[in-house]
């Protein structure tokens, strides 16, 4: 008679051990989700095993570090720009708005994500899932459109020059109100039936539903991506393209004029290692590059979900979401630390941060054009 006792690697395996192995193999990422949350979970996720604890730990650690940097960095930007008289300009109101959006992003997103990573699932119920998804989308949308308004402000001053109408406090506030109104329209829509907010693939965070194939859900993803990704991106590229053209033309005219006058240069700042055109090009390049780095992976995941172009794993969804949230860390560096007057005010408020003496020429660099209130020294 043939013995059908299950055999393991090191010898016969008991029926109890075999049963346990099968039950473990059949676990899915959805198994720990509370029953009241199951109606929000797409059946697509039932095919994936639970994420290993190390991934949840890595996620919590990463988002915790990003949150610390973002909250401190954006907090400093808000504090310095709002409390320093020389920085309280109409243009800098939009920089403060950007910093506030990024501060809100990490302040509202990180704590729940860290707690859920510890429990390895969403533990705050369906209502908080919707609120969490809405706040994440809102802060991201406000951040993106604030960057667009800043780019447009720079374009107006640098390209149009003296012919441009100066930005007033009222004008700046109106632009900020537009940013928030536009963002609220897109982020409140899922709460009223145009798409919905659901748990992400690893079940510890919530975002838009990009797996439902009904037209209501699909149309929202397409419309949202057009008005919250592609349109702002194209506007930023347009603004910086003409800014670079204007600076390049100005630099060329200055060199030609200097040549006619038989002098080396018409301005002392030419003695610096990096000229104005290159500095401005770097700011533009960094801005657009960080935009792509932060938001493109998450956009690709959304598109892949609605068109079934490729399989999406729970690990991909959560790290794509983390990349998008990381944009809240980049912006204080691009829009705050690159601003010489901000650096000077920051060092004055916190002297311990100044590790070396700033070069005097930095105060006259084109970095002072990071907001429209500052005129290029070119």
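Cβ coordinates are placed from backbone N, Cα and C, and glycine is handled just like the others.
Within the set 29-52, 197-220, 221-244, 245-268, the record from TrEMBL flags 221-244 under the feature transmembrane segment.
Sequence-distant residue pairs (6 or more apart) of the transmembrane segment (221-244) and the transmembrane segment (131-152) include at least 3 whose Cβ atoms are under 8 Å, placing the two stretches in contact. Beyond the ends of the transmembrane segment (173-194), by six or more residues, the same chain brings 93-94, 97, 130, 133-134, 137-138, 141-142, 145-146, 149, 208-209, 216, 219-220, 224, 227-228 to within a C-beta distance below 8 angstroms of the stretch. Below 8 angstroms of C-beta separation, residues 140, 144, 147, 151, 208, 210-211, 213, 217-218, 221-222, 225, 229, 233, 236-237, 240, 243-244, 312, 316-317, 319-321, 323-324, 326-327, 330-331, 334, 338, 367, 370 of the same chain, each at least six residues beyond the ends of the transmembrane segment (283-306), sit close to that stretch.
Away from its own ends, the transmembrane segment (131-152) comes close to residues 91, 94-95, 97-98, 101-102, 104-105, 108-109, 112, 124, 175-176, 178-180, 182-184, 186-188, 190-191, 197-198, 205-208, 228-229, 232, 235-236, 239-240, 287, 291, 295, 321, 324-325, 327-328, 331, 335, 371 of its chain (Cβ-Cβ under 8 Å, at least six residues beyond either end).
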